[in-house]
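Following: one structure in C-alpha cells, then a few remarks.
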C-alpha cells in the first residue's frame, strides 16, 4: 500500500509512505505529521532507495553493527555526529567535508568521531550503487541504527536527502548547544530549528550513551592555588562530583573522557533521566532539565517509563533528521563524503 501526502504549513513537504498494512500507514502518517512544523522544504520518502539501491539501508546497518561490536563507543559518536550535522546547515553531511575553514575544522567539532563508519559505508555503496546514496542519508541512517545497536527503538525514517556543498566553520558555534547553556538559550536554539520544548527534553536523552571530554564540564568545579578541585555547582550530587574530580583531576589530558551516563554507559535506555532525578547530569545543560518546572515533569515521565521515552524519541528523531534537508537540485550525491564533487 502506498500513500502520497503533501503537508503545507510554514513550508511544503511531499512524503511518500510505503507500508504493508493500513494500520502501519496510519502510524507512519501520524509520526510524519508530528514534524510538519519543521522549517524545511523537502521531498523525502520511506524506502527512497527501494528501486535504485535496495540494499542501501542494510549496508549501513551492517557497517554500524560491525564497528560497534569492536568499539562500543561508536553508537554515541554516530549520534553526536548527526546532531552536529543537522544543527548547522541542516542534515546535509556538511560536517563531513574536510578542508581549511570547514565545519569539521572548528574546535567545537574536532572531538567528533564516527567518520570512518560513514566513509566505509559510502565506499561499499559506491561499489554496488554508484552515485546514488547521499552521505547525508548515510549519517541519518547510521545514527538511527546506532541507537538500535545500543538497545534503543527501531523505526523507519524517510530518505532522499542530498549532500550540501557549503561547510563554513563560522556557522558552527552559534548553531550547536554548549554544555553550559541555560534553559533559555537551549529553547531559543531548538526553536530556531523547528524543535519544541518536548523535543529538547527528548533529544537530550542522546546523552544516555557516549562520552565527554573533561573540559566539557570543568566549569562546574573550581581549582585552588594548589591545583585541587572543589565543587561550585550545587545542583550536582556530591558523591558523583567526587567521582568526576577523581576521573578528571586538574591537569588532565585534553583527550581524557568520562561516560555521559555513569550507570549504563553503552545502553540506549532511560537511565539518563533517572540520573537527572538523582542530580547526576554530567553537563549544566543536563541539570537544568530537572531544575526547570517547564521540563521537570517530562524528565520524571521518561525516568518512570522507558517506553514513553522511546515513543517520544521516534517522533523527535524524525524531526531532527529533517532539519533543513536539501533535495533534488539543492544538493548533490558526493562520490566521497569528505569532499564535494
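Quick reminder: no glycine exception, Cβ is built from N, Cα and C everywhere.
Residues or ranges marked as active site, proton acceptor in TrEMBL: 84. Cβ environment of residue 84 (active site, proton acceptor): 95, 103, 108, 109, 112, 172, 176 lie under 8 Å away, each six or more residues apart in the same chain.
Its own atom aside, the Cβ of residue 94 (Ca(2+) 1 binding site) has 28 Cβ atoms within 10 angstroms in the protein chains shown. Positions annotated as Ca(2+) 1 binding site by TrEMBL: 85, 88, 90, 92, 94, 103.
Residues or ranges marked as heme b binding site in TrEMBL: 207. Using a 10 Å radius centred on the Cβ of residue 207 (heme b binding site) and all shown protein chains, the other Cβ atoms total 24.
Residues near residue 264 (Ca(2+) 2 binding site) in space but far in sequence (CB under 8 A, at least 6 apart, same chain), listed by position: 208, 271. Residues annotated as Ca(2+) 2 binding site in TrEMBL: 208, 261, 264, 269.
Taking Cβ-Cβ distances under 8 Å and a sequence gap of 6 or more within the same chain, the neighbours of residue 129 (disulfide bond) are 49, 52, 53, 55, 56. Per TrEMBL, disulfide bond is recorded for 53-129 (among others).
According to TrEMBL, the feature disulfide bond maps to 86-91 (among others).
If you look up TrEMBL, you'll see 135-337 (among others) marked as disulfide bond. Less than 8 angstroms from the CB of residue 135 (disulfide bond) sit 93, 96, 118, 122, 163, 334, 337, each of them six or more residues away in the same chain.
All chains included, 22 other C-beta atoms sit within 10 angstroms of the C-beta of residue 248 (disulfide bond). Summarising the annotation, TrEMBL assigns disulfide bond to 214-248 (among others).
Taken from TrEMBL, the feature domain 'Plant heme peroxidase family profile' covers 43-341. The domain 'Plant heme peroxidase family profile' (43-341) scores a mean pLDDT of 95 in the predicted structure.
Marked as site 'Transition state stabilizer' by TrEMBL: 80.
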Largest tally of Cβ atoms lying within 10 Å of a Cβ, found at which of the binding-site residues 85, 269: 85
Near-site residues: Ca(2+) 1, ref 85, 88, 90, 92, 94, 103, CB cutoff 8 A to centroid: 84, 86, 87, 89, 91, 93, 95, 164, 167, 324
Residues close to Ca(2+) 2 site centre defined by 208, 261, 264, 269, Cβ within 8 Å: 209, 263, 265, 266, 267, 268, 270, 271, 272, 275
Alpha-carbon distance [residue 86 (disulfide bond); residue 94 (Ca(2+) 1 binding site)] in Å: 9
Lowest local Cβ density (other Cβ within 10 Å) among disulfide-bonded residues: 53, 337: 53
Cβ-based isolation winner (fewest other Cβ atoms within 10 Å) among the binding-site residues 92, 103, 261: 261
